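Visitor: Annotations per Swiss-Prot:
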- 140-239: DNA-binding region (DNA_BIND)
- ASP8, ASP9, ASP52: Mg(2+) binding site (BINDING)
- 3-116: domain 'Response regulatory' (DOMAIN)
- ASP52: 4-aspartylphosphate (MOD_RES)
Amino acid sequence: MQTIALVDDDRNILTSVSIALEAEGYKVETYTDGASALEGLLARPPHLAIFDIKMPRMDGMELLRRLRQKSDLPVIFLTSKDEEIDELFGLKMGADDFITKPFSQRLLVERVKAILRRAPARDAAAAGVAGAAKSADAPSRSLERGQLVMDQERHTCTWKSEPVTLTVTEFLILHSLAQRPGVVKSRDALMDAAYDEQVYVDDRTIDSHIKRLRKKFKMVDVDFDMIETLYGVGYRFRESA
């Protein structure tokens, strides 16, 4: 059974969303503030987390920032219509998706399913998933482009043999670019590679993910410049690495 962590100080949302997710067969763990959520998420990593932004003790943005220092756990944010700036900041911090309040329970469930379909099988020790140890021994599907190595089965990425931790969305965007070096991928093409059809994202979402990818690789190699921007067209991965 897959576990979803739900973090919100609104108990009505906790109750209604929990019911909707449990009806789909998920186990739900709830938290009412960011501080207790951080402790629980690190001690008992779920398969996916859903955060509100405005919460006591620690808001959702700070929770995500601290979580990203130790985990690439998929995260969906719940936002209000007037929190566009927060949404852009959250994408830069590594959020996988946003849902604007008020929202339908069906929409949220579909977003959860979409991200979990894209996410790799999580380690048994991290998520308590039966059979995960078996998948860890399965043959890997790796993509090698010069100094870049991406393993889809294990959701690992290295540059010059140094590990680079990526979220599910970042991994899929980079994998799409690296599959065909030198070929320009439009933002629409990258959206199709990283998101299910029912999930709407705009150009700024892809741009934010690209910025974060570059930042992560530059932390490993300050000279990293393999992702090129072709203004008005899209992005491409350089042919030589």
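Numbers run from 1 along the shown chain.
Cβ atoms here come from the backbone N, Cα and C positions, even for glycine.
Just so it is clear, the model here is predicted, and its values are computed rather than measured.
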Visitor: Given the Mg(2+) site residues ASP8, ASP9, ASP52, which other residues of that chain have a Cβ within 8 Å of the mean position of their Cβ atoms, reported in sequence order?
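Guide: Going along the sequence, the neighbours come out as VAL7, ASP10, ILE13, LEU14, THR32, PHE51, LYS54, MET55, GLY60, LEU78.
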Visitor: I'd like the per-state residue tally for the DNA-binding region (140-239) from DSSP, helix first, then strand, then coil.
Guide: 38 helix, 23 strand, 39 coil
Visitor: In the structure shown, which of the binding-site residues ASP8, ASP9, ASP52 has the fewest Cβ neighbours within 10 Å?
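Guide: Checked ASP8, ASP9, ASP52; of these binding-site residues, fewest Cβ neighbours within 10 Å: ASP9.
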